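A.B. asks: Handing you this structure, nothing more for now.
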Amino acid sequence: MVMQFQGLENPIQISLHHSHRLSGFVPEGMSVKPAKGMLTEHAAGPLGQNLDLESYSPYNNVPFPQVQPQISSSSYYSNLGFYPQQPEDWYSPGIYELRRMPAETGYQGETEVSEMPVTKKPRMAAASAGRIKGDELCVVCGDRASGYHYNALTCEGCKGFFRRSITKNAVYKCKNGGNCVMDMYMRRKCQECRLRKCKEMGMLAECMYTGLLTEIQCKSKRLRKNVKQHADQTANEDDSEGRDLRQVTSTTKFCREKTELTADQQTLLDYIMDSYNKQRMPQEITNKILKEEFSAEENFLILTEMATSHVQILVEFTKKLPGFQTLDHEDQIALLKGSAVEAMFLRSAEIFNKKLPAGHADLLEERIRKSGISDEYITPMFSFYKSVGELKMTQEEYALLTAIVILSPDRQYIKDREAVEKLQEPLLDVLQKLCKMYQPENPQHFACLLGRLTELRTFNHHHAEMLMSWRVNDHKFTPLLCEIWDVQ
């Protein structure tokens with residue numbers, strides 16, 4: 001198949017060979033302007049053609065294209081008599097063509113990433129984020145620490161032990177009643193006490209998301225820790241009340257400055273929110289499943305239409321992400337297809353928790369359970385929605401998380417991971433500051449948000465299994481879903 005992206009000038013066509021999957025859908029009760037396109041097959045466009053893309057440059061040279069809502073509200077299943085009749089070109093070529101945006105329409109301001117030198121650096125796994133210098137000791141066992149792993153300063157041994165324990169959901173039993181004093185010797189003798197000490201010292205399962213806790217963030221964490229230690233030491237040494245007061249005032253001012261967005265970060269956030277808010281699901285799709293009760297087959301068709309709208313929203317939002325169209329076109333496709341499932345579930349979680357009228361969440365769950373989808377997949381889906389709801393996320397956090405999901409540098413088939421990471425890092429920095437601003441009493445809120453992204457990754461597997469069962473039962477999908485999910 002060929003995915004066709006078009007811009008303001010000449011369309012660009014790219015073959016899609018990457019395999020992905022999915023579906024987990026919740027309607028959104030907002031109406032939008034209809035668009036005119038989607039991903040479909042096309043006869044032309046060799047993969048090896050010269051795409052004439054500009055090389056990656058920092059955000060001060062990245063255009064912020066004008067955002068226009070382009071979501072279709074029409075139905076693919078019009079021939080079944082279940083939906084209103086729509087024009088035949090509803091899924092014609094061109095709706096989902098990504099095109100280069102002219103630089104003159106873009107935002108020319110600088111962000112923090114533009115101040116960083118564009119140099120090569122080694123890739124870091126999430127667990128090894130934040131290398132350190134000196135002879136710091138592991139807070140768990142006292143061995144020499146290698147860096148900040150899962151939110152705590154630990155050695156390589158405790159990092160690996162914590163990762164294995166969480167991944168395998170391991171349950172250990174202490175022979176001494178849980179009273180072991182953890183050190184380099186005892187860490188090999190008592191796993192229960194070692195895991196408990198890991199958690200007591202701040203290690204978080206939520207941080208096990210590849211690429212999100214970057215070296216920059218860990219440096220910021222150490223900087224804040226050093227400033228706090230310095231402030232405490234100065235306060236203890238000073239007997240003068242006036243000097244104590246000046247120190248406290250200075251420290252307070254520093255902390256306040258660190259939790260305010262810079263002008264460039266605010267501009268970036270405003271742009272992301274403008275793009276995010278202009279992509280909404282047609283209201284009539286919501287009304288279908290909430291106002292009437294249908295057969296399992298009809299419910300499945302409605303859910304398929306919802307999924308199609310979600311993918312349309314994803315493509316339009318992705319096209320507008322700052323810097324996205326400076327990436328290699330094959331990387332653009334890999335990011336889009338790789339994030340389709342996770343972005344859909346994340347948007348659905350927002351709708352489920354914030355957009356549905358009172359009492360409709362339970363009704364929606366009931367209708368989806370009657371669509372023929374196995375409870376094996378539905379139960380974790382709604383558990384995820386509810387766990388996200390418990391975090392009391394703002395719309396800004398939903399929008400930034402969605403952008404972070406899309407710009408994940410560890411997707412399969414990505415050729416230039418460093419370029420993708422450079423686009424993702426400013427979004428992570430903004431999200432981290434917002435967490436401190438909105439929930440200052442909860443210092444772990446940022447880590448909890450990243451933990452939801454870890455949970456999202458599991459839905460790729462669930463969705464692949466769902467697709468397999470649907471294909472066995474000969475369920476049909478729209479051309480866009482077949483393209484984005486690689487359904488033959």
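From the backbone N, Cα and C atoms, a Cβ is placed for every residue, glycine too.
Owing to the predicted nature of the structure, the values given are computational and were not obtained by experimental measurement.
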A.B. asks: Pick from 24-48, 174-198, 449-473: which stretch is listed in Swiss-Prot under zinc finger?
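C.D. replies: That would be 174-198, the stretch labelled zinc finger in Swiss-Prot.
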A.B. asks: Could you find out if DSSP has Y385 (chenodeoxycholate binding site) as helix, strand or coil?
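C.D. replies: For Y385 (chenodeoxycholate binding site) - judged by DSSP and reduced to three states - the answer is helix.
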A.B. asks: Which ones, of the binding-site residues R347, Y377, Y385, have a Cα no more than 10 Å from the Cα of S146 (phosphoserine)?
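C.D. replies: Those near S146 (phosphoserine) - Cα within 10 Å - do not exist; the answer is none.
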A.B. asks: Out of R347, Y377, Y385, the binding-site residues in the record, which is closest to K168 (N6-acetyllysine) when you go by Cα distance?
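C.D. replies: Closest recorded candidate to K168 (N6-acetyllysine) by Cα: Y377.
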A.B. asks: Out of S165, T458, which of the modified residues is least crowded by other Cβ atoms within 10 Å?
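C.D. replies: Output over modified residues S165, T458: least Cβ neighbours within 10 Å is T458.
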A.B. asks: Count, for each of the recorded positions K168, R347, the other C-beta atoms lying within 10 angstroms of its own C-beta, and report the residue with the smallest count.
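C.D. replies: Checked K168, R347; of these recorded positions, fewest Cβ neighbours within 10 Å: K168.
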